[in-house]
Amino acid sequence: MAGASVKVAVRVRPFNSREMSRDSKCIIQMSGSTTTIVNPKQPKETPKSFSFDYSYWSHTSPEDINYASQKQVYRDIGEEMLQHAFEGYNVCIFAYGQTGAGKSYTMMGKQEKDQQGIIPQLCEDLFSRINDTTNDNMSYSVEVSYMEIYCERVRDLLNPKNKGNLRVREHPLLGPYVEDLSKLAVTSYNDIQDLMDSGNKARTVAATNMNETSSRSHAVFNIIFTQKRHDAETNITTEKVSKISLVDLAGSERADSTGAKGTRLKEGANINKSLTTLGKVISALAEMDSGPNKNKKKKKTDFIPYRDSVLTWLLRENLGGNSRTAMVAALSPADINYDETLSTLRYADRAKQIRCNAIINEDPNNKLIRELKDEVTRLRDLLYAQGLGDITDTNTVPGGPKLTNALVGMSPSSSLSALSSRAASVSSLHERILFAPGSEEAIERLKETEKIIAELNETWEEKLRRTEAIRMEREALLAEMGVAMREDGGTLGVFSPKKTPHLVNLNEDPLMSECLLYYIKDGVTRVGREDAERRQDIVLSGHFIKEEHCIFRSDSRGGGEAVVTLEPCEGADTYVNGKKVTEPSILRSGNRIIMGKSHVFRFNHPEQARQERERTPCAETPAEPVDWAFAQRELLEKQGIDMKQEMEQRLQELEDQYRREREEATYLLEQQRLDYESKLEALQKQMDSRYYPEVNEEEEEPEDEVQWTERECELALWAFRKWKWYQFTSLRDLLWGNAIFLKEANAISVELKKKVQFQFVLLTDTLYSPLPPDLLPPEAAKDRETRPFPRTIVAVEVQDQKNGATHYWTLEKLRQRLDLMREMYDRAAEVPSSVVEDCDNVVTGGDPFYDRFPWFRLVGRAFVYLSNLLYPVPLVHRVAIVSEKGEVKGFLRVAVQAISADEEAPDYGSGVRQSGTAKISFDDQHFEKFQSESCPVVGMSRSGTSQEELRIVEGQGQGADAGPSADEVNNNTCSAVPPEGLLDSPEKAALDGPLDTALDHLRLGSTFTFRVTVLQASSISAEYADIFCQFNFIHRHDEAFSTEPLKNTGRGPPLGFYHVQNIAVEVTKSFIEYIKSQPIVFEVFGHYQQHPFPPLCKDVLSPLRPSRRHFPRVMPLSKPVPATKLSTMTRPSPGPCHCKYDLLVYFEICELEANGDYIPAVVDHRGGMPCMGTFLLHQGIQRRITVTLLHETGSHIRWKEVRELVVGRIRNTPETDEALIDPNILSLNILSSGYVHPAQDDRQFLDSDIPRTFYQFEAAWDSSMHNSLLLNRVTPYREKIYMTLSAYIEMENCTQPAVITKDFCMVFYSRDAKLPASRSIRNLFGSGSLRATEGNRVTGVYELSLCHVADAGSPGMQRRRRRVLDTSVAYVRGEENLAGWRPRSDSLILDHQWELEKLSLLQEVEKTRHYLLLREKLETTQRPVPEVLSPASSEDSESRSSSGASSPLSAEGQPSPLEVPNERQRELAVKCLRLLMHTFNREYTHSHVCISASESKLSEMSVTLMRDPSMSPLGAATLTPSSTCPSLIEGRYGATDVRTPQPCSRPASPEPELLPELDSKKTPSPVRATETEKEPQRLLVPDIQEIRVSPIVSKKGYLHFLEPHTAGWAKRFVVVRRPYAYMYNSDKDTVERFVLNLSTAQVEYSEDQQAMLKTPNTFAVCTEHRGILLQANSDKDMHDWLYAFNPLLAGTIRSKLSRRRSAQMRV
């Protein structure tokens, strides 16, 4: 087998007359084998180049040295293909191109000797080589077939018997073939030439009759070339059979360029169907043979559409099969044909990738005959099996092939008796065939196979006789049609009679012109149709040809000159020289005659022409050849039709029509828009009138101007400054808007194999991560001094995986580089892959993917504070080396001490680097400047411009407590109140004092010298080599002191720098302020010698560790499923939050049982996470979905009705693509909804006199209505089905329904399956205290926010309401290569906030460690310790922080305005105090107005304890696990409370009892009616968000809760997952019974009250509504619970205890 690619050649022709008339320009250029095409519409665009095996330049004249003649084309292609044919291979040559591109000229050529095409030259060369053979043992035979494919129909051009369309069939052995296609034997080139001429005549006749041209039909010329070699020694004859297929394809054209309409358009569609299928086949074969897919196993998707057209079906072996194939693409050079020429080049470019596996066809007959006989035997056996064996027996000719003539109604015998005797058998045979399944097909196959056998067994002499018989029939048929014959009876070819007048045909195709010649005999020559009553001498057919069309009358006049007169018949359209003839007209030689619409002839009279030449030797000759086009133009001109004018008029009419229709459409669209706007405005007014009551503006009184106090002005200024620099929304908009550029850059990087990854990153200007100047926007320099918070920018992190470097680009730089990347990508398609790979190995400065990278990389930064120089005492610091991401990379030991000017450095041994004394200046002007600024800059970076090098930031006097929090640094959150004393801190206040008395060694104007010694560096990873350190002051980043590099192996002792640097400073106020609060910056660098970057999906596999406030999602939170019944309304923008509630929601899926009840389906809780579970459902059972809402009763939350419950987004993965439109959304039928009472079993978890609200609704769910296979089938093993449910619930006083959304996880089992999980769940509740169905629910914790409607006129609100399109979901070319990578979005902001918090905490830790080290040093050196550093001061500070809400007094002993407690705070303080003191009055009841219900509950708890103070919490019988649950959530807010409570815990509610629908005027809670009436009803915007459970468990175990109204304690299992504590009945309970929101609760602890009440290990939790008393098992356990509930309080308690123990030990 020989595998070779298809040979592809392109050839460009000269301009034709049409192109020259339009002054076309040449757009094709050729150089060697490369062909280039230029886009005339965009000349600046880079020309497209294509490489082929041959590029033939035939655009110029033959005198051009680069001109490719017909001979050259044949030598390159034809000779090679002919040689392959002699070798025994199948050969195919086909030409492709648009109409008029020169295909037929290349394949057929002209009759002139030097103008012959590939086909005649190949045939002539074939017989020349045969005749030149001198080997007597070789014999050759040649057979020819010629067929035409027109409109998917096949016609035989050589056999006149085959008038109809031939069938294309497929044989299992022979493959596709044309049934009954004649194969004629030829013995010389003249025979082939005659057959080609005869075929063209037949093609011309048929085309003329059907008004066709060759450009609309495909011609296939097949040569069967057989070589026989006789071996004299073995007396064996071997054969080689080659099939030479020469194909002239139809023109590829576009309808808009040819103006085709009607039948021509249908014909063009059929042609384009064939050519389109050919293009699909070429593309599919090219893809299969391309590099990436070549070695892969063939897939079912690798389908080659051969059968889509007859052409590709017949050429199947030639395209990618057993053939040597060559393609010649004919090109038009004109710019007006750019699109068609480019399409042809692309076809050819794809075709050169096809590989054909050709084999030498040796001895095909013997093998084929054997296989065919085997098939005949098999088919005969099949007929015997069907009981039809006598068919073959009775229709067998002895000694010959078996023919089934009886099946077609023919008898091999000519006798009538034989025919009559077989009539009965034939009829019975037909009946048997009719009722025998499959027998007709078998007989048809048998017939087909026997016909092939007969053809193969035909001898060469028989083939010659059959060829001659067909030739005689063909010529007889042509003679009947009036076509001129030779004397021997053959048809005339290229021949011109010398005397007789005659007609020659003219055709649009030059190959068909002058192909047919009709004699005009003396007398009358009639022209008409074949079906005329009188025999016609010239037979024509087709449209507009009458039965008797016209008469040619030839009469001889004097002198022997014959005169021919044309007499048209009545009603016949006949034109002479363009004029319609209605009466006899004398013809002159050269006249053009048109009969009907498609038959065009030229009249030739040789004698008459000779006489005219003799009379007028200089007779004028026409300026252009008299051809078909000339006759057509003449006809139009004589008929008064100006084509150019007609086209211009038609074009003008079309433009006018287009203009009218466009104006009409614009008018209708405007009318429709106005109509819709009016309807929307009316609907909006209707909604406004419904939700917004009309307010009488006349009743509004003008408000008096409010007089603000100084403190209120400060608060307003602080709030204004806070929101002015707020960045969360703007950062999100930048991430969303630029995501598409990031995706495109990554896609191009992957396709070009650049090994560079791009990802968004947030950078904040902090001490640990200063921003370089090139990343700051231009406007940043102006507001840098006035910004109260460090700037956060969105940048692009560029990870160069090839060089192991990381760069940061601005978004503008990314867009600029992206333009260069696109240009590189476009150029890469034209550059060979080998060149691209070579370029990848060299990183040049011109590559937009790479930047220059330094040898050393920053390991991290460390900060050393200098406040020990105030006293002065020496300190040795061990500071952490922190990277810009907040990771500790190692530690650095640095010594700082004050020295005298002449003091020498200590001896550290060899290798010490001793430097001289450096002088640093501090300017007081900057200090005064910053003192006058009201808003200091926090955390200034060192990366200012040259004018800011002397910037002094230490004058701010900012200490440990003065810096903003991480939230303020990132501007993502806003604290409730501004930090007081922003410029002051306790440490700085203690260090402030008279500079001239307290700091004697730091007198202003004196010179102070101190020493900084870099000792060692440790714990630095071995991936960093050549470590060195440099340090500088924050304001003098240009003056850095550097150590020498040291080799780092990661093992052994720490790296010893021992670098000593003495620094002399002139003491100024700014210097003193600097050493009080500001550090020295140490930067550690190293050479990075590893490439740490993982693959492109790094962000997906290893996300940053989240903040403790933003936990990673266990399961993605889905957006609500769109409602199907509710009309889309404009969502009002929420304003200030009015109140919040915590909702505990139970979800159940109930299935119909045999007894008719709906029982909750089993839920598998083995996942371990709260609020999660998998529903185990049965297939094909009716179901209902039950949802129960539980919350504390409040006056602002009233449920009216469930508007709609929708389910959708059926999937088998937790994630869902919410951008896609889900067609399977189903709106459920609500069966019931309303408020319910909990069942008695649920009351055991509640306090009966606590107002609680249960709202439940139920809907029928038919899962089959989704039409989803995932819900209808049994779920496969290890697969889960996910579904999203959304409930739209209408609330009173709300503008729109609230939406609760939950993702369900389900597994479907067979209908009768016994679920394995149910057994484990029964074991789970095996104690008997819980019912089996109580665990069959999934819970969800939600936060309901009721907000006021925002003011639409607020500019800030309008900015926050702007909608920015998230471009990360937009498709980018090559996105599928990114393997799931996505640009970072909103989560990046939250992760960056956690990074900033880490950096802030690390900075505070270093500052605190410094102060502790300084205090310890001062104590050991017997120096006076400042008040801020003393233990007593620390204890007071901690007590102040632990009290939380305590109010320190001002200097005058009066509380500041902000510190005055309001009424609510006072009530809360009284409640907590009474809880701890346990001195409540026993008779205290609800009748007291000034005390809330929560105080009453706490009083009852206290009274219970006072009744039995001696009760042991762990030994009493009442402490055993009971069915009663303590009141974890008690009470309601009082009348004076204007804030809405935040419920924190929820009970369970199985099997509730429905209550009657509540009236809208009533409330489900016992709220005073007078209070409700007094409160004005304001419209609110509801928003419900699901709370995702944290995966981090801070503490879990048992706690004892004091039960109300009793002296007993109830034992409950508690799991703390901050910020919530989840309550369970036991450690085996899987359903959350209630939750406690720790973020809104306050934890109280008092040892004195424990001792007085004799209730050890207890602490209280106070919420907005009640207090809860809890007891732990031991003292250690209690402190652990305190740490889990409130880490700060636990730390304070432990600090006090440790100080107390140390004091006791000292005593």
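Cβ atoms are placed via backbone N, Cα and C, with glycine included.
What Swiss-Prot records for 5-354 is domain 'Kinesin motor', and it gives sequence analysis as the kind of evidence.
Mapped onto three states, the DSSP output places K103 (ATP binding site) in helix. According to Swiss-Prot, the feature ATP binding site maps to G102, K103, S104, Y105, S215.
The Mg(2+) binding site annotation in Swiss-Prot covers S104.
Here Swiss-Prot flags 439-466 (among others) as coiled coil, drawing on sequence analysis.
Remote same-chain residues near the coiled coil (637-671) are listed as 575, 577-580 (criterion: CB distance under 8 Å, separation of at least six residues from the stretch ends). Positions annotated as coiled coil by Swiss-Prot, on the basis of sequence analysis: 637-671 (among others).
Under the heading region 'Required for interaction with CALM1, PPFIA2 and TANC2', Swiss-Prot lists 657-1105, citing experimental evidence as support.
For the coiled coil (811-831), the residues of the chain that approach it from at least six positions outside its boundaries are 46, 48-49, 734, 738, 741-742, 744-745, 748-749, 751-752, 758, 794-796, 847-849, judged by C-beta separation under 8 angstroms. Annotation comment: Swiss-Prot describes 811-831 (among others) as coiled coil, evidence class sequence analysis.
The region 'Disordered' annotation in Swiss-Prot covers 1424-1462 (among others).
Residues or ranges marked as region 'Disordered' by Swiss-Prot: 1536-1576 (among others).
Residues or ranges marked as domain 'PH' in Swiss-Prot: 1592-1690. Averaged across the domain 'PH' (1592-1690), the predicted model reaches a pLDDT of 83.
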Using DSSP, how many residues of the domain 'PH' (1592-1690) fall into helix, strand and coil, respectively?
22 helix, 39 strand, 38 coil
Would you mind checking how many other C-beta atoms are within 10 angstroms of the C-beta on G102 (ATP binding site)?
21
Taking the binding-site residues one at a time (K103, S104, Y105), which has its Cβ surrounded by the most other Cβ atoms within 10 Å?
K103
